[in-house]
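Colleague: I am attaching a structure below and will ask some questions about it afterwards.
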Amino acid sequence: MEQNSSNLSKRSFELRKLLNRANHAYYVLDTPLMEDTVYDRLYRELLNIEKNHPSLITADSPSQRLGSTPAKEFVKVEHKIPLMSLDNAFNFEELQDWDLRIRKLLNQKNNFGILKTSIDFACELKIDGSALALSYANGVLVQAATRGDGVAGEEITANVKTITSIPLSLDIENPPSWLEVRGEAFLPKQTFDGINLLRKQQREALFANPRNACAGTLRQLDPQIVASRQLDFFAYKMYLPKDWDPQGENIHQPEAQDAALKWLKKAGFKVNPNTKIFKSLHEVQSFFDIWEKKRHKLPYTTDGVVVKVNNFKLQEMLGVTQKSPRWAIALKYPAEEAPTKLINLSYQVGRTGTVTPVAEFEPIPLAGTIVRKATLHNADRLQSLDLHNEDTIVVRKAGEIIPEVVCVLKELRPQNSTRLYLPSNCPECDEKLVRGTDQAATKCVNNLCPAIIQGALRHWVSKKAMNIDGVGSKVIEQLVNKGIVKSIPDLYELNYQMLFGLERMGEKSAHKVIESIEKSKTQPWNKQLYGLGILHIGEGNAKLLANAFASEDELSHAAINSPERIAKIHGIGNEMVESLQEWFEDESNQRIISRLKELGVQLKSTANDSGAIKSVINSSNKEVLGKRFVLTGTMESINRDVAQEMIEKAGGKVNSSISSKTTYLITGSNPGSKLSKAKELGIKIINEEDFFNLLSK
C-alpha cells in the first residue's frame, strides 16, 4: 500500500538531507558516512519517490545534479559584482611595491594619520582552474556562471550541479535571502591523466593541461559529459547582504578572509586547507618558497600564491581599480611555458634502439632552470607538430618534468622554411630504421649499434640494477668506442691494463672499478633481472618476477614454454609477457645469459635476497589482521593491486578513503590529499619499507 503524501514528503526530505550530508562527507571531508551500497539503495528510493511524485522534486535534491537534456547554447548573465582578475607580482620586490602602494593609500584614506590597524595577509594557493560565481537564493543554488569578461559570464548551472563538492543547498539554519560564492573549479591531476589516456585510446585530441580540460568541460552542452569528468571546486570568496542577521546561528557576518573561509566550510563548501595568515611579507615569501617546491606533490595544479589583505574593512578602504581589487595580488611561480626559436633537430638512440627526436632551441628560463632541449618522443609527435626549421615553438617545463614542445606558432614561421622528418637511417650506425605496425617507436635493430650498446651498459651498471661504481657514461663511451666492450658480459673480462689507458682513469680508480664489477656478481636476482633491460620490465615488475621465479632458468623456461604462468602474476600484463617471451627466444640474448653465467654472475635467488613479499603473501599476522589500510602515492616496488592482495591475504582490509577507523596510511612517492587528512586525524603513516616490515612480523 502506498504511503500517504505527507509521509512521502517527509521521507523524501529526510532522504535528501541524509544523502546531501553523505555527499559532503564523501567528496569534501573525505570521510564516508556509509558504504556505497547503502548510499545507492537510499538514492534509488529517493529516485523512485520523485519519479512517482514529481511535485516532491526540489532544487537541492541529489537527483538534480544531472540534468536530463543537453543545453542548446549558453546564456549570458551579468555578474551582480564584477568578477575581477588579479594583478600579478613575479618576485619579492614587486610584492614589496604592492605593499607600499596599499599602505600609502590606507594612510591617505586615514587622512594621513598613522594606521592603527596592523595589516595581516591571508595567503592562499592559486588554483589553476576556472573561476565560478555561484548564486544561492534562500540557501539553494539557483545560478552558476563563468568569469567571462568579468562583467558578464555564461550561465552553466546544470553543469556545475554535477560537481559533487559544490553544495546544492547551504548547510546552515536561517540562510540569507541571497548569497554569492566565488571559487575555482579544477580538474585533479589523476583525473586529467585518465581523461587524456581515454582520449588517446579513442584517437581524440589530447588536452594540453588540466586548466584547459576544466574550461572545456564546463562549456560542454551535455551535463552527463561534465559529470563523467569529475571536476572539483574550492571556494575562496563570499558576498552576503550587509543587513543579514543570522538569528539562532553562531555564525556572524565575517569580518576577515580567514573568518569567511571558516563560514564557507561550515556552510558545506570545500575550502583549500593550506591557507595561512601572516603579519609580514617575509613570512609570505617563505610560504611562497615552500609551495614553489612542494606544489608538484599536490593532487591539483597551482600557479602561485594569492596574497590578500585579511581585514574586510581595510579591503573596503582600498577598493578596486577598473580591472582588479587593490587589496589582493597574485604572486606567480616562475614561468613554466615560454616561446623560443628552434635551432636544430637532433636524434637520440636509446638502449632498446628507439630513436627519439630532440628539439634544440635558444635557451629560455623555465621553472627556475635554463632549458635548451626538449624531447619530441617519436615520429608521430614530430608529424603532428608539423615542425619546420627555424620555427618559433612553445616549450613547457613543470618542476621535475622533462621539458616538452607544446606547439608551434605557425604565424611566425619564416617563408622559406622546410619541414623536418625523422631520418630513414640510424644516426649512430647508419643501419635502416624500422617501425612496426601500430607502433609509435621507430627503432634501430642493429645489436652492434654503439648507441644501443652504451645504453644497455649504462642501464646495467646503474644503482637500481648492478650498482657498479666508477663506470659512468664517459667511461662507457670510451670502452665502446675503443672496441674493448661490445656487450654486457665484456665488463666481467676487463682487467687493470684495459682500464689504465682510459681518460681520467688512474691505478686507484681502476682497482675500484674492478672490485665493484666483481662485487656486482652477487647482486640480488631481481636487480640482475632489471639490469638486463628487457622492454616493459621495470624495477617493480622485476621484483614480482624474481619473487615468482627463483632463477633465470625458471623464468626463461616459463617465458618460452608456459607464458600463462607469468600472466597469472598480479601486476604483470600481456605486453610484459610477450616482451619476456620475445627476449628469451632471441639467440643473441641467450648468448649474453650464457656468458654472464660462465663469468660468475649468479642470475638466481640467493639466501641473501629479500624474500619479504614471498614470506608475507600467504601469511596472517596480528599486526595486519583486522586492520584498515589506505594507500596514497606511487609505490616503488609493487603496484596497488599487489599491495591490496598482500594486505587482504594477511587478514587486513583496504579502503579507498581516510576515516577515523583507518589504522595505517601507506605512502608512496607523490602522496595526495589523503596524507594531510591522515595527519589531521592522527592516523599512523608508514612508508613502503615500513609496510614490508609490518607484513613480515
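A Cβ is built for glycine as well, from the same backbone N, Cα and C atoms used for every other residue.
From Swiss-Prot, for reference:
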| type | residues | note |
| --- | --- | --- |
| BINDING | Asp36, Thr37, Val38, Tyr39, Asp40, Ser85, Leu86, Glu124, Arg147, Glu184, Lys308, Lys332 | NAD(+) binding site |
| ACT_SITE | Lys126 | active site, N6-AMP-lysine intermediate |
| BINDING | Cys426, Cys429, Cys444, Cys449 | Zn(2+) binding site |
| DOMAIN | 619-697 | domain 'BRCT' |
Colleague: Sort the recorded positions Lys126, Cys426, Cys429, Cys444, Cys449 by C-alpha distance from Lys308 (NAD(+) binding site) and give me just the closest.
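Modeller: Given the candidates Lys126, Cys426, Cys429, Cys444, Cys449, the nearest one is Lys126.
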Colleague: To see if you understand the setup: which same-chain residues, six or more apart in sequence, place their Cβ under 8 Å from that of Cys429 (Zn(2+) binding site)?
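Modeller: Expected: Cys444, Asn446, Leu448, Cys449, Pro450, Ala451.
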Colleague: Under DSSP, is Cys449 (Zn(2+) binding site) helix, strand or coil?
Modeller: coil
Colleague: Measuring Cα to Cα, how many angstrom lie between the residue listed as 'active site, N6-AMP-lysine intermediate' and Leu86 (NAD(+) binding site)?
Modeller: 11
Colleague: Hey, does DSSP put Lys308 (NAD(+) binding site) in a helix, a strand, or just coil?
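Modeller: For Lys308 (NAD(+) binding site) - judged by DSSP and reduced to three states - the answer is strand.
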Colleague: Just how many other Cβ atoms lie inside 10 Å of the Cβ on Lys308 (NAD(+) binding site)?
Modeller: 23
Colleague: Could you name the residues, excluding Cys426, Cys429, Cys444, Cys449, of the same chain that surround the Zn(2+) site, i.e. Cβ within 8 Å of the Cβ centre of those residues, in sequence order?
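Modeller: Not counting the recorded site residues, we get Val349, Gly353, Pro427, Glu428, Asp430, Glu431, Leu433, Asn446, Pro450, Ala451, Ile452.
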Colleague: Looking at the binding-site residues Leu86, Cys426, which sits with the largest number of other Cβ atoms within 10 Å of its Cβ?
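Modeller: Most Cβ neighbours within 10 Å: Cys426.
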Colleague: Across all protein chains in the structure, which of the recorded positions Lys126, Arg147 has the highest Cβ count within 10 Å?
Modeller: Lys126
